[in-house]
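Chemist: Below are the features I grabbed from TrEMBL:
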type: DOMAIN; residues: 28-392; note: domain 'Luciferase-like'
type: BINDING; residues: Thr97, Tyr151, Ser222; note: FMN binding site
Amino acid sequence: MSTPRKQVILGAYLGGVNHHTAWWHPEAGSQIDFSSFEHTARTAERGKFDFFFLAEGLILRERAGQIFDQDIIGRPDTFGVLAAIASVTEHLGLAGTINATFNEPYELARQFATLDHLSGGRAAWNVVTSFDPFTGQNFRRGGFLDPADRYVRAEETLNAVRALWDSWSADDIVADKASGRFLARPDAGKFEFSGRQFDISGRFTVPRSPQGRPVILQAGVSPQGRDFAAANADAIFSPYGKLPEAADFYRDIKARAVAAGRAADDIKILPSASFVLGDTEAEAIEKYHTIRNEQVTGQTALILLEQIWNRDLSGYDPQGPIPDIEPDPDAPPFIQGRAFIHQDRFATVRRLREVSEAKKLNLRETVIDQFERGPIVGTPAQVAQRIDDFVSGDGSDGFILGSHLVPTGLDEFVDRVVPLLQDRGALRADYTGTTLRDNLGLPALRSATVPVDA
Ligand SMILES: Cc1cc2nc3c(=O)[nH]c(=O)nc-3n(C[C@H](O)[C@H](O)[C@H](O)COP(=O)(O)O)c2cc1C
């Protein structure tokens, strides 16, 4: 018997404010208006995507004490947006990035269980721990966790959240025909959880949700982050969209999952990616270069490098060479409030210098070359083939796709690439599962259908 064809998992990422989004474009819309969220989500559902995905920024980014221009636009709260999207979609998963460092398990469990109920089993939590202490200043306890403790807290938070979700079983509410009332079993919702961070007990207010446990995603690439994900996550939002890093990451995570006693297929790897389409390959490449040139202005290039150098680089010429000074990791952070994924600043600087020299690129060109999300560029047929080949070749299990254009950027992917993926048998023609967990092909948990026969 032949093995079933590996399916491509697709998430739709609606960008916040960053250098990937083309705010200058005549068709660019708001990233605050509900119509933008609605349009992208409905388009993703039309394309049979697995889920809609929101990142989270709990702080406005600052550079040398000034808010980044684009951050003034801000970000709305994830749960409000996802709940509203639940009401205008039927099958699409709803994934929210929510920090495990600053939130309490009770609130998290309640919010995700509620979203799971409202959406009929489509909720997913992307667990992040946050990189910088500035986010913490907004919260009661401040920026209080060392990097080494963040995943300890995340794991304990997740365990507590699971204990809360599991405090109701599927048959905890019964319809009592004699009295005509709904009755809860005596232990329904009872929980007790003790750990280093939390000591909580009581009754959880939200009965078991359709997925029982909403789907867990993770984003974070340190060794601790990888182990945490391998043991706990159903999927990873990965920054590695290019080979060979993507395949290395894929192998590494699947091996860690197996070492943690899980099946390799129980955890899905989903890199962030963008795409650019053209009628011909040459047209797509030209369009891609135009977009990159407009995304990464000289000033943006300097800001992106300041994250790595942790210094003011505004005196450098974007048309000149890569700065010859070394990073200053021990100085107070120069850029605040950005997710930082370069583990070793000095190694990153060395790599940038090598690329710049080998390819004869100036500072800005090097940033354009190096700071991208593994864009998939070509005709619709080429893009469909590259996605399919990448996934079949275990570069990933799918992609979380973002477009430079909010909110209409996904339209042409759904109109032109999705049918080709479907023709190849790599993407569903229609949703088959009832929950996000089913659609992702994850191991089933106990269903929570409440047996009410009125
Ligand atoms: C692809 C990717 C996306 C991320 N998105 C977010 C985000 O939306 N919000 C956030 O607070 N942190 C985000 N992070 C950072 C996380 O907070 C992560 O926990 C942080 O990088 C520290 O984990 P690490 O040391 O394992 O990398 C992201 C990280 C990666 C790799």
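Positions of Cβ are set from backbone N, Cα and C atoms, glycine also.
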Chemist: Please report the DSSP secondary structure of Ser222 (FMN binding site), reduced to three states.
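Modeler: Where Ser222 (FMN binding site) sits, the three-state DSSP reduction gives coil.
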Chemist: Among Thr97, Ser222, the binding-site residues in question, whose Cβ has the most other Cβ atoms within 10 Å in this structure?
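Modeler: That would be Thr97, with the highest Cβ count within 10 Å.
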Chemist: Tell me, how many other CB atoms lie within 10 A of the CB of Tyr151 (FMN binding site), whichever protein chain they belong to?
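Modeler: So the Cβ neighbour count for Tyr151 (FMN binding site) comes to 25.
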Chemist: Return the members of Thr97, Tyr151, Ser222 (the binding-site residues) with CB less than 6 angstroms from at least one atom of ligand 1, or none.
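Modeler: The qualifying binding-site residues are Thr97, Ser222.
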Chemist: Express the predicted model's confidence over the domain 'Luciferase-like' (28-392) as a mean pLDDT, rounded to an integer.
Modeler: 91
Chemist: Using only the Cα atoms of Thr97, Tyr151, Ser222, which the record gives as binding FMN, return the largest interatomic distance in Å, rounded to a whole number.
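Modeler: Among the residues the record ties to FMN, max Cα distance equals 18 Å.
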